[in-house]
Every structure is written in structure tokens, then in C-alpha cells.
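S.K.: Encoded as C-alpha cells, here's the structure I'll be asking about.
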Amino acid sequence: MFYTENYDVIVIGGGHAGTEAALAPARMGLKTLLLTHNVDTLGQMSCNPAIGGIGKGHLVREIDAMGGLMATAADQAGIQFRTLNSSKGPAVRATRAQADRVLYRQAVRIALENQENLDIFQQEVTDIILDQDRVCGVVTKMGLKFHAKAVILTAGTFLSGKIHIGLENYTGGRAGDPASVMLADRLRELNLRVDRLKTGTPPRIDARTIDFSVLAKQHGDEKLPVFSFMGSVDQHPRQIPCFITHTNEQTHEVIRNNLDRSPMYAGIIEGIGPRYCPSIEDKVMRFSERNSHQIYLEPEGLTSNEIYPNGISTSLPFDVQMKIVNSMKGMEKARIIKPGYAIEYDYFDPRDLKPTLETKSIRGLFFAGQINGTTGYEEAAGQGLLAGINAGLFVQEKEAWFPRRDQAYIGVLVDDLCTLGTKEPYRVFTSRAEYRLLLREDNADSRLTPIAHQLGLIDEKRWARFNQKMENIELERQRLRQIWLHPRSEYLDEANKVLGSPLVREASGEDLLRRPEMNYQILTSLTPFQPAMDDQEAVEQVEIAIKYQGYIEHQQEEIARQKRHESTAIPAHFDYTVVSGLSNEVRAKLEQHRPVSIGQASRISGVTPAAISILLVSLKKQGMLKRGE
């Protein structure tokens with residue numbers, strides 16, 4: 001039976017990738033259908049109750065700059081906001097919000113249900129309808145068929161998902177939800193490379209059974225950040241603290257004594273887990289010299305007693321999980337509400353995708369999210385947005401669009417996946433981007449909002465606000481260029497009081513702002529440079545653009561030079577252990593692959609352009625920088 005209406009775009013799955021994938025073509029004016037197995041879990045935070053972080057916060061801002069939902073939902077659900085790396089340079093500063101799961105899911109559903117051109121239907125999809133090498137619809141479990149010109153698959157961990165708790169396992173997409181087995185079997189018949197990955201989650205703890213009085217509190221920032229460029233602190237709900245406890249030798253002894261009951265160490269789980277979010281079993285074994293690991297006790301919401309113990313993801317049996325939890329300070333009488341578990345699932349080799357996230361073998365079929373080998377809500381949402389945009393452009397027979405590496409972290413993510421592939425769950429870090437001084441959280445709108453406007457993704461209110469901000473930035477930069485202070489000025493004494501060294505020659509406002517001891521607030525407190533601008537976002541842009549101008553230009557030159565070193569030889573017995581600045585992951589991969597040239601090294605999965613720069617410097621220092629034949 002065919003559904004009475006035809007659609008331009010169908011999205012399968014209502015998680016973080018699926019919601020962004022559905023909203024984008026709908027905003028572009030295309031008739032879109034979102035199919036989900038359960039409308040009550042749209043926007044569900046299946047693992048940790050948080051949005052943002054290093055690299056991830058950058059993705060959230062980019063999604064927002066293009067009219068996406070994640071930042072707005074986080075602003076409305078965030079119960080603790082922090083700016084990470086606030087004392088470091090602007091390239092690595094990142095926003096993170098602890099989120100109320102219920103409020104987040106509520107914000108997502110409201111946005112979806114109020115979006116024009118978007119329908120939602122609850123049914124599991126079991127098959128994809130193909131006409132030779134082109135997708136033309138889907139089939140649901142009840143036999144209902146839907147026609148569409150493009151289909152986006154965002155199935156998360158549901159494809160042949162298998163949940164492990166100790167040596168017991170059963171099929172499931174996540175705790176409480178069924179796996180998508182029929183669709184997984186159908187996809188395995190297609191010309192796509194499939195493999196298995198795994199991820200895990202910690203047990204959830206009853207807050208009423210924790211002794212918080214003996215634990216350290218962690219509050220959010222006093223000056224609360226916001227994620228969305230259209231957001232406001234007024235949108236934030238009540239802010240609450242997290243708490244910190246630690247594992248100890250007793251905890252580690254419990255884990256070591258029960259490794260034979262771990263599905264990972266017993267060889268039952270075949271999928272590779274996320275390197276940067278390891279299970280507590282992995283942490284204890286990999287870092288055996290450490291006798292303690294910090295654990296963050298994160299509230300799951302304002303109206304929930306559930307606590308998420310960030311740092312003890314595990315698939316050990318329930319009785320062992322209880323011993324682990326009860327071994328920690330403040331947790332001696334803690335009770336588990338939900339057991340931790342590991343989940344294995346199908347993912348597709350992202351090298352079989354175009355940079356638009358359309359499959360190379362089937363026209364009009366797009367993949368986004370964890371099924372492409374990534375981990376994290378933000379990575380999924382970024383892919384969903386990109387797939388949604390390109391599905392919309394495909395339907396309209398318009399030229400595809402995807403961001404370059406120098407345009408967005410979404411561009412870095414997709415380029416890494418489609419060019420290099422991945423054998424382990426991929427997450428974004430600022431260190432993966434060679435252009436990170438250009439790809440800051442604060443300038444995501446200037447990088448991407450004009451493109452979003454061209455694509456029809458943002459409304460006129462956002463466009464007008466963006467243009468006003470850009471105008472404010474340009475006018476203020478012009479003003480600071482035109483105001484000069486000279487050694488004979490009547491304001492010299494006032495200026496010298498705040499300058500690290502006395503002014504000996506004429507300087508503009510921009511020249512003074514470049515000084516390390518100077519910032520915009522101090523500069524505009526000086527009589528010649530008053531008044532200060534009210535637009536704080538524009539102020540931040542002005543200050544960063546002036547202070548980091550030289551660094552940005554230097555980085556662009558570095559990239560051009562790096563391209564010239566494609567054939568630079570690496571000695572066969574080069575010692576990577578002496579190269580300072582390489583991450584353990586990169587060093588291990590270089591040792592394993594032993595590339596013969598810089599070009600070859602740059603194409604190893606996980607070896608970042610930033611790592612290549614470090615390697616080039618080391619080769620030069622050791623007198624080994626020679627071009628290949």
C-alpha cells in the first residue's frame with residue numbers, strides 16, 4: 001500500500017542527525033517526512049546529558065549559523081553552562097552545557113512540530129525502494145510505502161544493534177528500544193562496505209542515595225554563555241552544580257578481578273570502541289600506573305533523580321557495576337537505576353560517500369550520523385544538517401554544497417571521513433583542523449550564515465541581525481584605524497598608565513589593541529577611543545581579528561608550504577618518540593604504518609594536518625627535510 005502523498009525528502013530516524021536532516025530541506029521549502037520508530041524519543045540524548053565541549057561546541061555554533069536547531073535546544077535545556085579553555089586562545093575556547101534531557105527533547109519536538117513543510121510519522125522502516133541505481137522511497141514495518149526523490153538514513157546505533165551487559169547480550173537499538181534488523185539486512189545487500197563499531201554508557205545512579213556533602217561541587221560560569229547567535233541568557237532554565245568523585249584502588253581491584261566477565265576482554269564484542277571515551281575497564285588496564293580517575297556526577301535534569309556518572313562507562317555484569325559504584329567516595333550506599341551497557345552496531349565505510357554525504361553507488365540516498373563511523377551528538381547533527389541541505393539541492397537539481405576544511409569543522413569532519421575513512425568511532429577535536437585559528441566558535445556566523453541565506457535556510461530576522469553585526473564590526477575597525485595617538489598628545493600620560501611600555505611613536509587604535517597588555521575594554525576607557533561599542537559579539541570579533549591577524553596570515557602560509565611537501569621523504573627508521581607535540585594516537589599510527597613520505601603520512605586515518613606540521617618541523621630540526629625522488 002502506497003501512502004497518498006509523495007515527498008521530496010524522507011528522513012529515517014529522529015535522533016540528532018535525523019532532526020537536523022529533516023529541518024534543513026523543510027526550511028528550504030521542500031515537502032519532507034521524518035519517520036521514527038517512536039515520536040516520544042525525538043531528540044533523545046541516549047548517552048551523556050551534555051552538548052558542546054572542545055571541538056563539539058564549534059560544531060554546535062556552525063549548525064546554528066546555518067539555521068540548525070541544536071544550539072537553540074541547548075540554550076533552552078542547559079542547566080549548567082561553562083566556557084572551556086577560557087584562559088587560552090580563541091581558537092580552542094569552547095562552550096559546553098549540561099542539559100536537562102526532558103527539556104532538550106521537548107525543545108526539539110516543538111521545533112519539529114512547528115516547522116512548515118515537515119510531517120512526522122511513527123513507523124519503523126524495514127526496506128528502501130530502489131529503481132536501478134536511484135532511491136525512490138521506503139517501506140515501513142506495516143507494509144506502508146512512501147515515495148520520495150531523496151532519502152536520508154540516520155539510524156544511529158539501531159542497525160543490528162546488540163546490547164551487552166556482562167556475558168549476556170540481546171538485540172536492541174539502545175536501552176528500551178528495539179534494533180532495526182530487517183533494514184540492516186537489506187542494506188547489507190547493497191554495494192556498500194559494512195563493519196561493526198561499539199560504544200558504551202555508564203549506569204545511572206539514584207541521586208537520593210548519594211552523599212553529596214562529602215563531594216566537591218562544580219558550578220557553571222558566573223557569566224553564562226549562550227550557544228545560539230540568536231539566543232539569550234534569559235532562555236536558560238535554573239542552573240545547578242555537578243559533583244566530583246574518584247575511583248580508587250578498591251575500584252580498580254574490583255575491575256581487574258572481573259575482567260573475565262567483561263564482554264570486551266572475553267572476546268564477545270568485536271566492534272572497536274571510541275578512543276576518547278573509553279570504558280572504565282579500558283582506563284584501568286591502559287593506565288595501570290594511575291590509582292585514581294576523576295568521575296563527574298552530572299544531573300540528568302531538574303525534575304529527575306537520575307545522575308550520570310561521567311567516566312565509568314562499562315559493560316561489566318550488574319553485580320560488578322554495583323561494586324564499582326559503591327567503592328567510590330560518597331557512593332557507598334548509592335543505588336543503580338539503570339545498568340551500564342555496551343552496544344555493537346553496523347556502520348558504513350564513509351569512503352563510499354561523496355562529501356555531500358550522498359552514497360556513491362545509489363543516487364539520492366544519503367547517510368548521516370553514527371552510521372558513518374562517528375561518535376557524539378554534535379558530529380551527528382552536523383552531518384544531518386549537511387545531508388539535509390544536499391538532499392534538498394539534489395531534489396531541486398541544483399549544485400551540491402559542502403564546506404571546505406578552511407570553512408568549517410563540519411568540513412574537516414566530512415573530509416576526514418570521506419577521504420580517510422575510520423576504523424574507530426570518530427570525534428571532532430580542534431587539533432584535527434589545520435585552520436583552527438580561522439574556525440573559531442565566535443566567527444561561525446561570519447563563515448557560514450551568508451551561505452545559509454543563499455540556500456534558504458535562515459529567516460530574515462536572523463539575516464538582518466547578522467548584517468547589523470557585520471556592519472558594527474567594520475565600522476568599529478574603521479574607527480580604531482582612524483584614531484591616532486602620538487607622543488605629543490595631551491592624552492599620552494593617560495595612555496602610558498595602561499601600556500606596558502611608554503608610547504614612543506604614533507599609533508592607531510588598532511596598533512594599540514595589538515599590544516599583549518591591551519584589550520578592547522581598556523582601550524575604549526581611554527579618552528581618545530571612547531565610547532565603547534555596545535554589541536559584545538562584535539567587540540569580540542574586532543579584538544580577535546586585530547590581535548590574531550599576523551598568526552592567521554602565518555597559518556595560511558604554513559598550509560601552502562605543507563602542500564609543497566607532498567613528496568618529502570621520511571627515513572625508514574625515523575624515531576617518532578622524539579617528536580614532541582604528537583598525540584599518542586598519531587604517534588601509534590605512524591609507528592604502525594611507517595609512511596615513506598609526508599604525503600603518505602597525511603592520508604593515514606587520524607593523522608591530522610596539524611600533526612604533519614609538527615612532523616615537518618621535527619624533520620627540519622634533525623636535518624632530514626629532503627624532497628623525494
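First residue shown is number 1, and so on along the chain.
Using N, Cα and C of the backbone, Cβ positions are placed for all residues, glycine too.
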S.K.: For the FAD site that Swiss-Prot describes with Gly13, Gly14, Gly15, His16, Ala17, Gly18, Val125, Gln370, which of these is also annotated: Ser180, Ser313, Ser431?
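M.R.: That FAD site, as Swiss-Prot gives it, pairs Gly13, Gly14, Gly15, His16, Ala17, Gly18, Val125, Gln370 with Ser180.
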S.K.: What same-chain residues, at least 6 away in sequence, bring their CB to under 8 Å of the CB of Arg275 (NAD(+) binding site)?
M.R.: Glu424, Pro425, Glu585
S.K.: Please state whether DSSP places Val125 (FAD binding site) in a helix, a strand or coil.
M.R.: strand
S.K.: Could you measure between Met285 (NAD(+) binding site) and Gly15 (FAD binding site) for me? Cα positions, answer in whole angstrom.
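M.R.: Cα-Cα, rounded: 33 Å.
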S.K.: Give me the Cα-Cα distance between Gly273 (NAD(+) binding site) and Val125 (FAD binding site), rounded to a whole Å.
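M.R.: Distance between the two Cα atoms comes out at 27 Å.
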S.K.: Express in Å, rounded to the nearest integer, the largest CA to CA distance found among the FAD-binding residues Gly13, Gly14, Gly15, His16, Ala17, Gly18, Val125, Ser180, Gln370 named in the record.
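M.R.: Pairwise Cα check on Gly13, Gly14, Gly15, His16, Ala17, Gly18, Val125, Ser180, Gln370 gives a maximum of 18 Å.
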S.K.: Among the binding-site residues Ser279, Gln370, whose Cβ has the fewest other Cβ atoms within 10 Å?
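M.R.: Checked Ser279, Gln370; of these binding-site residues, fewest Cβ neighbours within 10 Å: Ser279.
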